[in-house]
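K.L.:
Swiss-Prot lists these features:
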ACT_SITE  E266  active site, nucleophile
BINDING   Y88, N160, Y298  (1,3-beta-D-glucosyl)n 1 binding site
BINDING   E161, D203, R208  (1,3-beta-D-glucosyl)n 2 binding site
CARBOHYD  N151  N-linked glycosylation site
CARBOHYD  N398  N-linked glycosylation site
LIPID     N447  GPI-anchor amidated asparagine
Amino acid sequence: MMVFSSTFIFLILELVVLCEASVHTIQIKDKHFVDTVTGKPFFIKGVDYQPGGSSDVSEKQDPLSNPDACARDILLFQELGINTVRIYSINPDLNHDACMTMLAMAGIYLILDVNSPLQNQHLNRYEPWTTYNEVYLEHVFKVVEQFSHYNNTLGFFAGNEIVNDKRSAQYSPAYVKELIGTMKNYISAHSPRTIPVGYSAADDLNYRVSLSEYLECKDDDKPENSVDFYGVNSYQWCGQQTMQTSGYDTLVDAYRSYSKPVFFSEFGCNKVLPRQFQEIGYLFSEEMYSVFCGGLVYEFSQEDNNYGLVEYQEDDSVQLLADFEKLKSHYQNIEFPSMKTLKETVQMEETPSCAEDYENLKIESKIAKNLGSSLIKKGVKVEKGKYIDIHEDQLSTNVTILDKHGDRWNGPKKIEIRQSLTLADLEGEEQEDADEDKDDLKRKHRNSASISGPLLPLGLCLLFFTFSLFF
């Protein structure tokens with residue numbers, strides 16, 4: 001009787017494990033990102049990814065709409081050793097389930113910009129009042145609605161370099177801050193969990209710090225307008241430099257008292273080729289990790305601006321460039337600090353109240369009140385993202401991959417499964433649709449998911465072993 005009882009309990013525990021989600025969500029705790037299950041700090045070690053440039057987004061395609069292209073590139077992401085990609089533009093009217101599932105299985109998270117170059121899908125930095133309307137907000141909300149249902153969506157960027165010169169600094173700041181709050185209100189009303197909203201700043205010392213302080217500050221009337229994280233686009237470390245000659249020491253000091261997570265949303269100067277990426281060793285060292293939460297190298301694919309890690313050839317093959325190998329050698333040797341270490345080194349700060357003015361910025365603006373409130377109340381119509389059952393063949397690529405010398409690359413041609421998706425991952429969205437009253441429960445469930453990929457096969461084996469005791 002005792003054997004039966006213990007075996008029965010074990011069987012129940014295994015079934016519970018199989019029904020819990022495997023893809024851990026990432027949330028913000030103090031000034032860093034944290035894995036909600038393990039409690040370990042999450043440092044961004046990634047690349048910016050927009051094959052063909054932002055102009056390649058259309059009604060028919062975007063970077064996450066082609067599963068074959070995703071399989072080809074995600075296995076190369078794994079070869080680099082990254083854990084995050086940033087994508088600048090997508091079309092929410094396309095299906096992204098296969099590519100997001102592949103990223104999740106590969107253990108890779110997404111930071112997604114909500115704007116696109118298509119009409120009515122971005123802010124006019126010089127005349128934002130002409131574009132900040134309900135048509136634009138509907139596009140933004142559709143992006144948020146769709147991607148908030150993937151556990152590996154790490155965060156959203158409300159804008160990229162919208163403020164980048166004297167003229168835009170006079171007109172755009174207030175609209176960016178308003179957009180951040182409006183997005184957060186929509187997430188609070190409709191998303192299954194809280195997903196942070198940030199901004200990616202231009203590499204311009206005239207505005208970078210003052211804009212960060214303005215977007216950070218808390219207005220008593222609209223506390224939700226405070227940014228959740230801040231991205232810095234920086235290209236000041238070129239070739240062989242030091243913290244002092246590159247100006248990184250000044251950069252770190254500028255954000256030392258910032259109350260939100262800060263990271264490089266773009267980095268990797270290309271004035272010296274091949275790029276050495278020497279700054280990565282410092283970025284994840286004690287000199288910087290108390291202030292910066294990692295970064296994203298610009299960029300994965302070779303475009304006209306010559307920052308690529310790989311180059312797509314006319315015959316559909318892909319060639320790894322010298323920068324790819326350099327970045328790989330640095331990323332694969334990174335060790336993240338522990339939470340204990342961070343607590344000993346990170347200076348915690350309170351979010352400041354808003355000041356009356358900020359250097360080089362004009363923050364007064366007459367933005368229409370309650371714009372988007374009706375959309376927030378009723379929600380937008382878009383296909384909600386969900387993980388799908390991916391066949392093993394879909395994780396492989398038949399594309400010819402060449403090394404930097406033009407010879408056939410002898411690396412893997414298949415995505416390595418690092419997170420096996422469970423029934424909860426694959427069916428969670430259907431359950432949410434069936435019972436909207438369980439939203440609060442779902443939020444708790446997603447934030448308390450506990451099984452990681454390698455444990456799932458073990459759980460299955462133990463489950464079958466348990467059954468064998470009876471038959």
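Placed from the backbone N, Cα and C atoms, the Cβ positions cover glycine too.
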K.L.:
Could you tell me the C-alpha distance between the residue listed as 'active site, nucleophile' and Y298 ((1,3-beta-D-glucosyl)n 1 binding site) in angstrom, no decimals?
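P.N.:
Computed Cα spacing between the residue listed as 'active site, nucleophile' and Y298 ((1,3-beta-D-glucosyl)n 1 binding site) is 5 Å.
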K.L.:
Find the one among the recorded positions Y88, N151, Y298, N398 whose C-alpha lies closest to that of E161 ((1,3-beta-D-glucosyl)n 2 binding site).
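P.N.:
With Cα distances computed to E161 ((1,3-beta-D-glucosyl)n 2 binding site), the winner among Y88, N151, Y298, N398 is Y88.
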K.L.:
Could you tally the C-beta atoms, other than its own, that fall within 10 angstroms of the C-beta of E266 (active site, nucleophile)?
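P.N.:
The answer is 24 other Cβ atoms.
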K.L.:
Fewest neighbouring Cβ atoms within 10 Å: which of the binding-site residues E161, D203?
P.N.:
D203
K.L.:
Would you kindly give the Cα-Cα distance separating N398 (N-linked glycosylation site) and N160 ((1,3-beta-D-glucosyl)n 1 binding site), rounded to the nearest Å?
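P.N.:
Given the Cα positions, N160 ((1,3-beta-D-glucosyl)n 1 binding site) is 35 Å from N398 (N-linked glycosylation site).
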K.L.:
Of Y88, D203, R208, Y298, which is closest to N151 (N-linked glycosylation site) if I measure between C-alpha atoms? They're all binding-site residues.
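P.N.:
It is Y88, whose Cα lies nearest.
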K.L.:
Under 8 Å between C-beta atoms and at least six apart in sequence, can you list the same-chain neighbours of N398 (N-linked glycosylation site), or say none if there are none?
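P.N.:
When sequence neighbours closer than 6 are ignored, N398 (N-linked glycosylation site) has K413 within Cβ distance under 8 Å.
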K.L.:
By a 10 A CB contact count over all chains shown, which of the recorded positions listed here is most packed: Y88, N151, N160, R208, Y298?
P.N.:
N151
K.L.:
Residues other than E161, D203, R208 within 8 Å, Cβ to Cβ centroid, of the (1,3-beta-D-glucosyl)n 2 site?
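P.N.:
Sorted by sequence, the hits are N164, A201, A202, D204, Y207, V232, N233, S234.
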K.L.:
If you measure R208 ((1,3-beta-D-glucosyl)n 2 binding site) to Y298 ((1,3-beta-D-glucosyl)n 1 binding site) at Cα, how many Å is it?
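P.N.:
So the alpha carbons of R208 ((1,3-beta-D-glucosyl)n 2 binding site) and Y298 ((1,3-beta-D-glucosyl)n 1 binding site) sit roughly 18 Å from each other.
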K.L.:
Determine, for the (1,3-beta-D-glucosyl)n 1 site, the additional residues of the same chain whose CB lies within 8 Å of the mean position of the CB atoms of Y88, N160, Y298; present them in sequence order.
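P.N.:
Apart from Y88, N160, Y298, the close residues are D48, Q50, S54, R86, D113, E161, S200, N233, S265, E266, E299.
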K.L.:
What's the CA to CA span in angstrom from D203 ((1,3-beta-D-glucosyl)n 2 binding site) over to Y298 ((1,3-beta-D-glucosyl)n 1 binding site)?
P.N.:
13
K.L.:
According to DSSP, which of helix, strand or coil covers R208 ((1,3-beta-D-glucosyl)n 2 binding site)?
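P.N.:
Helix, per DSSP.
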K.L.:
Need the DSSP three-state call for N160 ((1,3-beta-D-glucosyl)n 1 binding site) to compare against my parser.
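P.N.:
DSSP assigns N160 ((1,3-beta-D-glucosyl)n 1 binding site) to strand.
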